[in-house]
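Presented below is the structure to which this report refers.
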Amino acid sequence: MSHRYGGRAAKHQPAWVHQFLNLGTIFTEDMRELESVYEYVIREVHNKAPEGRFRVNTTASTLLTDDPFNLTRELCAQMAKGIMAMMSPTVNQSFETVASISNTFHMPFVTSEFPEVARSRPALFGLAVKPSYLRAVMDIINYYQWPYVIYMYNSNDGLLKLQQLFRMSMDTNVEIKVVKRIENPEEANDFLRDLEKPDSNCTQGMTSLICESHRETRKYVVLDCSADMARDIIVSHVRDVNMGRRNFHFLLTSLVMDEYLNNRILELGVLNVTGFRVVQPHREEVRDFIRQWQKLDPIKWPGAGTDYLRADVALLHDTALVILDAFSRLLKNKPDIFRNNTRRGEIYNRGQRGVDCQGNPTVPWEHGEVIVDYLRSTNIVGLTGNISFDDRGYRQNFSIDVVEMTTNSEMVKVAEWSDHQGLKLFPPKYKRVRLDNEFENKTYIVTSILEEPYLMEKRSENGKELVGNERYEGYCKDLADLVTEHMRIGYILKLVNDSKYGGQDKNAPSGWNGMVGELIRKEAHLAIAPLTITSARERVIDFTKPFMSLGISIMIKKPMKKKPGVFSFMNPLSQEIWMCIIFAYVGVSVVLFLVSRFSPHEWRYEETFVGPSVSNDFSLYNSLWFSLGAFMQQGCDICPRSVAGRIVGGVWWFFTLIIISSYTANLAAFLTVERMVTPINSADDLAKQTEVEYGTLESSSTQDFFRKSKINVFARMWEFMSARKHVFTQTYEEGINRVRQSKGKYAFLMESTKNDYINERQPCDTMKVGRNLDAKGYGVATPLGSTLRDRLNLAVLQMKENGDLARLENKWWYDRSECRTTDSKESAQNELTLSNVAGCFYILIGGLVLAMIVALVEFCYKARMEAARSKMTMYEAMRAKVRMSITGTQNDRPLIGGRAPVLPGSYSPPPPPLHHPGLLPPLDGDRLSVNTHTQV
């Protein structure tokens, strides 16, 4: 079919008057109404457009199914005919096929909706007009403060949404308790009916929620399915007399509420239903479209003639509008862009007709990137509001209405959600929890458990017997006082009868023991204790928002601070660096010796007693001495005179500058800080070794966490613990004592709050390492369905905002710490002690002793040589040497000119003749350089 987008030809037509816009569309047999909308948009834009713009040729394909083979064949056939862009109402089932073809051949396509899989495998040339508002679903759940939800879905797309909701719920207290995939409305309502009538043989049933639910239990259902299926489920639910109505609250993720205009779905007004609406009926554009759509003949225009607007119809309308607007702007800015592609009414791509799917190599559509840029730069107003896109082709800067249907009420807009501001409420129209006075001036029973520092028996200061609530003190006691003060109620604090928190127990009357069992049996109204919020407990009792956040942590024995050793001055550099420095020192010395030998400028001529001689200052020993002096920053009496020698000296000085500077910078920290080295720093460290054992409290939520965990690290830790039953303890005290007595060979896995408290108590020999392994919270518990829960929630939130909860935690954990004095004393002690520099003194003493030994060896060796040469005894020679060393004389004769007379029998060279330096025999200038200086 062909449509003309433009008007009558003007006298002075621009260059783009005769341009063709070839569009490809994909519909299925059940989309006749959407096809009508598409044709209507083309006609309406044609009537309102400037004269003589361009002609729209539509190549439409109608498929029986979403079979990928048939879809690929149709798309390739359309591209071979020369389409410039594609459009489809929905590509949920065939997205990967369309996206693959689009990405390969750079063919732009616009669709009403992207499936969730598009986030991981994006369409580089695609756009989706339907907004993505999954975040709004979680925001609504959080705002309603639903403790749990029942998630029902009917497609793989719903499963991917479920994964995102799971990730979002990690930051909240919402639990996705039941997940059910449905294929039809009958299956959905059968499942909901099971929730109303618990199976007597529920031990083999689907989930414990069914076993524990009944007709009066509140049920929060998130229904993620098509609009048609959601409508059918609601209708059949309302018409089923065996199912409850008031105790169900549905949250519809599809755009069903758009169809409620003019009361099209009367059953929505019977249930508690919340949903989203993308079409705002009060807007003038929507009213005009409905007015015009209602006037059309339904026979010629299938689906027309109605006085309401479905969401999918509005989205397809805007989809076509986006394409036409983008091409209009493109041809206005670049009127000749398709001039070379049009030949005799046909579109050519890089010299060949259309885009060939079978071509090798692949030849993509040459204008695909330009067209998709104009598509994504769209900024118009359609039936679904403002339309603009981000770089990935997703809708941005949009808003949708959050509407609510309560029992016997009309639909009302309670909020507006936008992608940049989130949830914006309308307080005048939204009914919050009514804070009446029905709870005031009443007394309630609060159950708790003795555990330091949450609740402890208070000691009487003056010997007077304490009665009532004054018998106890602790965090939970102060929390109970604050909560009851906010609610203006009285309370009686009692200890749980069996001293247990609450777990499933077949022998207990209600199937649960501890505080949880007392709440189920209505033996107490509240439980204010370190009671962890878990999914199992939430099924039988209600919890408030957590008043304290915590997680599983690792407790180890605090290692002794490692004091610096004798050779701690070597710590700033590793052993590898020290070895490299030694090798560098020897290497530089050898190279300096060699270059000095080969360079003529290092040789000098001088007169001796035996005549003229040639010498070189840089012997091997002098080269070593020069390198050592430079490294020690002390210098030497000799310096190289040759260019090669100075190069060696320069690079060695640069090397020593950097090394010594780096060493000095790190030395202070290593000498003044006593480092505390912990053998374990995280759960990964525990899992990778077997020397340090670790365990948990027996039959605790911590043990259940490791038993059920699917994370590799935690699974390996559970294998280790389950193979060593002795690592589990019966009480916290047993585990803490084992940590203290194991000399660092045992780690205890416990709740972080208890860990922090123990670390602040004497003997201050334990510590917490690493991050928390999970995240959970303590909450105030009430019987299931208790009217106190909402008031308690508000009280807890108000105390959190006022800082009362933080003040209580500081009071009982840190203000009463028994380890503060020791820590502050150790932190202030930062001066050096003898142990920090003992190694330097040892080296100094060792060097002095070595020097004395070497001097003694030289003395004995010289005395022996003199005795042999002078034919004296060893004693006489050593005696003469000692006398010369002490008195400076030898044989009772003073030293002459600082030189002792020659011993008898020794050789004395004749004094050198007095020659003028200019009378010295000349030397070969090519071999030696006359230089009588010892320094440069």
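For all residues, glycine too, the Cβ spot is worked out from N, Cα and C.
Record features (TrEMBL):
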DISULFID  Cys76-Cys357  disulfide bond
DOMAIN    443-815  domain 'Ionotropic glutamate receptor C-terminal'
DOMAIN    453-521  domain 'Ionotropic glutamate receptor L-glutamate and glycine-binding'
BINDING   Pro530, Thr532, Arg537, Ser701, Thr702, Glu751  L-glutamate binding site
TRANSMEM  577-598  transmembrane segment
TRANSMEM  651-673  transmembrane segment
SITE      Ile680  site 'Crucial to convey clamshell closure to channel opening'
SITE      Arg707  site 'Interaction with the cone snail toxin Con-ikot-ikot'
DISULFID  Cys764-Cys819  disulfide bond
TRANSMEM  841-861  transmembrane segment
REGION    889-936  region 'Disordered'
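Sequence-distant contacts of the transmembrane segment (577-598), counting only residues of its own chain at least 6 positions beyond either end whose CB sits under 8 Å from a CB of the stretch, comprise 570, 616-620, 623-624, 626-628, 631, 640, 642, 644-645, 648-649, 652, 655, 659. The Cβ of Cys357 (disulfide bond) lies under 8 Å from the Cβ of Thr72, Leu75, Cys76, Met79, Ala80, Ile101, Phe105, each of these being in the same chain and 6 or more residues away along the sequence. Of the candidate recorded positions, Thr532, Ile680, Ser701, Thr702, Arg707, the one lying closest to Cys819 (disulfide bond) when CA atoms are compared is Ile680. In the three-state DSSP assignment, the secondary structure recorded for Ser701 (L-glutamate binding site) is helix. Per-class residue totals from DSSP over the domain 'Ionotropic glutamate receptor L-glutamate and glycine-binding' (453-521), listed helix then strand then coil: 24 helix, 13 strand, 32 coil.
For the recorded positions Arg537, Arg707, counting C-beta atoms within 10 A of each C-beta gives the highest total at Arg537. Shown in sequence order, Tyr501, Leu531, Thr534, Ser700, Lys776, Tyr778 are the same-chain residues outside Pro530, Thr532, Arg537, Ser701, Thr702, Glu751 whose Cβ sits within 8 Å of the Cβ centre of the L-glutamate site.
Residues Pro530, Thr532, Arg537, Ser701, Thr702, Glu751 are recorded as binding L-glutamate; their most distant pair of Cα atoms lies 18 Å apart. Sequence-distant contacts of Ser701 (L-glutamate binding site), defined by Cβ-Cβ distance under 8 angstroms and a gap of at least six in the same chain, are Thr532, Thr534, Lys776. The Cα atom of Cys764 (disulfide bond) lies nearest to that of Glu751, taking the binding-site residues Pro530, Arg537, Thr702, Glu751 as the candidates. When Cβ atoms from all protein chains are considered, those within 10 Å of Ile680 (site 'Crucial to convey clamshell closure to channel opening') total 20, not counting its own. On the 0 to 100 pLDDT scale, the domain 'Ionotropic glutamate receptor C-terminal' (443-815) averages 87 in the predicted structure.
Fewest other C-beta atoms within 10 angstroms, among the binding-site residues Thr532, Thr702, are seen around Thr532.
Rounded to a whole value, the Cα-Cα separation of Thr702 (L-glutamate binding site) and Ile680 (site 'Crucial to convey clamshell closure to channel opening') is 19 Å. Cα-Cα distance from Arg707 (site 'Interaction with the cone snail toxin Con-ikot-ikot') to Glu751 (L-glutamate binding site): 16 Å (rounded to the nearest whole number).
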